Amino acid sequence: MAYPFQLGLQDATSPIMEELLHFHDHTLMIVFLISSLVLYIISLMLTTKLTHTSTMDAQEVETVWTILPAIILILIALPSLRILYMMDEINNPSLTVKTMGHQWYWSYEYTDYEDLNFDSYMIPTQELKLGELRLLEVDNRVVLPMEMTVRMLISSEDVLHSWAVPSLGLKTDAIPGRLNQTTLMAMRPGLYYGQCSEICGSNHSFMPIVLEMVPLSYFETWSAVMV
């Protein structure tokens with residue numbers, strides 16, 4: 001999860017987030033090289049009064065600075081399109097969970113079970129226990145099996161919300177009257193925190209999301225108790 005004064009992205013927990021981290025580094029490297037070149041040229045122009053008259057109207061130079069940016073954009077676009085298609089791909093999910101956004105809490109329904117649903121509210125600051133995180137803890141966590149494909153169906157009952165868990169590379173809008181879907185797969189157990197990422201009213205900041213990724217055997221025990 002995030003920590004104070006963090007500069008980079010959160011550690012990846014899912015294959016999609018790992019791909020996003022690689023794409024981020026790839027794009028940042030290209031941007032850094034371009035910025036360095038531009039700053040170098042500007043510094044040369046500011047520190048010398050010499051002018052190359054042969055480059056004032058050179059077709060070759062114009063050709064280069066037209067083709068080169070096109071190549072750079074292609075190098076950025078191709079990996080981006082690949083990841084976009086990966087994020088939309090859904091192959092035989094092992095479990096489906098429906099989440100509904102409300103002002104200002106989330107409700108969850110495990111559609112593969114007959115009667116397994118609950119609401120998830122933020123725990124107020126004055127009720128937190130030692131070691132719990134302010135504005136991020138909830139009274140009912142979403143327990144999911146790790147190393148399995150889980151499909152999330154996301155919608156809203158009132159206004160626009162957005163269901164986001166950064167360490168899993170997830171951010172899907174919750175739109176009234178529309179059912180969006182995304183998939184997740186965590187590669188290791190743990191607690192993963194997120195928040196509503198769409199301004200939805202006065203208590204927008206108080207809609208945390210907590211996913212508890214556990215081994216399949218523990219999940220089966222938990223679901224049997226909950227049902």
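The backbone N, Cα and C atoms fix where each Cβ goes, glycine too.
As the structure is a computational prediction, the values presented were derived from the model and not from experiment.
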### Query
So Swiss-Prot lists H161, C196, C200 for Cu cation A1; which of M152, M207 goes with them?
M207
### Task
Counting Cβ neighbours within 10 Å across all chains shown, tell me which of the binding-site residues H161, H204 comes out on top.
H161
### Secondary structure content, the topological domain 'Mitochondrial intermembrane' (1-14) (per DSSP, counts of residues)
0 helix, 0 strand, 14 coil
### Query
What counts of helix, strand and coil residues does DSSP assign across the topological domain 'Mitochondrial intermembrane' (88-227)?
21 helix, 61 strand, 58 coil
### Task
Compute the C-alpha separation of Y218 (phosphotyrosine) from E198 (Cu cation A2 binding site), stating it in Å without decimals.
33
